[in-house]
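Copied over from TrEMBL:
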type    : residues              : note
BINDING : Thr46, Lys138, His170 : heme b binding site
DOMAIN  : 26-177                : domain 'THAP4-like heme-binding'
REGION  : 1-21                  : region 'Disordered'
MOTIF   : 34-40                 : motif 'GXWXGXG'
Amino acid sequence: MFESPQENPYPDSHVLGEGPEPHPLLRPVLPLLGRWHGRGRGEYPTLEQDFRYEQEITFSHDGRPFLRYEARAWLIDASGTPVRPAGREAGWWRVTPDASLEVVLAHPTGIVETYVGRVSDTEIEIETKDVALTPLAKEVTGTRRRYALQGAEMTVTHDMAAVGQPLRHHLTAHLRRRPS
Ligand code: HEM
């Protein structure tokens, strides 16, 4: 017989002061919590044209020592009009007792990345440890990301080694935390 379940007693929260108390190990990454939105520009040596995009990123937690991460992007034209959906990714940012980071990200394009990284006061840098590819995925061998925080603003930079190229700039976005 089906027994009625109760509401999930462990909801995620992306707002400090709402939902579960953040785990003490999350202290160095608390400035990431929230819903971020902004615009970016992208390029790669193999691409004929640069591109512009908008992006939304959400960092949330459930009281344990990791963040839940989700990001969606869509291309825009020079006037800001949406052109088509682009990069999407989801994953987990685990904070270790010595305040370093272990990150797992999965992409719908058949790529899974594990990262290790560091948090300083206002900057987080993560670099791939391993990249796993499904048979149809583009060849990505490594990536490096920087998240530079200035209060409610954040600059995200993404370099990657892919399709025969060494580590090169792919994306830079300027985001602002949405009022909750
Ligand atoms: C904000 C997120 C992202 C946006 C807006 C974006 C956008 C683009 C665009 C517009 C292209 C050109 C091909 C196309 O039109 O689809 C491209 C190529 C590519 N992107 Fe991204 N991308 C994003 C994130 C990523 C991430 C996270 C990775 C790797 C994990 C990645 C890896 C690649 C690769 C391997 C190519 C192919 C280059 C080639 O074949 O010459 N991208 N990206």
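One-based numbering along the chain as shown.
Yeah, the Cβs are placed from backbone N, Cα and C, and that goes for glycine too.
Positions of TrEMBL features highlighted on the structure.
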| residue | record | Cβ contacts under 8 Å, 6 or more apart |
| --- | --- | --- |
| Thr46 | heme b binding site | Val163, Gly164, Gln165 |
| Lys138 | heme b binding site | Thr109, Ile111, Ala162, Val163 |
| His170 | heme b binding site | Gly42, Glu43, Tyr44, Thr143, His158, Asp159, Met160, Ala162 |
Determine which residues of the chain contact the motif 'GXWXGXG' (34-40) at the Cβ level, with the cut-off under 8 Å and only residues 6 or more beyond its ends counted.
14-15, 52-59, 73, 76, 80, 154, 156, 171-178, 180
What's the longest C-alpha separation between any two of Thr46, Lys138, His170, the listed heme b-binding residues, in angstrom?
14
Residues other than Thr46, Lys138, His170 within 8 Å, Cβ to Cβ centroid, of the heme b site?
Tyr44, Leu47, Val140, Met160, Ala162, Val163, Gln165
Across the domain 'THAP4-like heme-binding' (26-177), what is the average pLDDT of the model, as a whole number?
97
Looking only at the region 'Disordered' (1-21), how are its residues distributed among DSSP helix, strand and coil?
0 helix, 1 strand, 20 coil
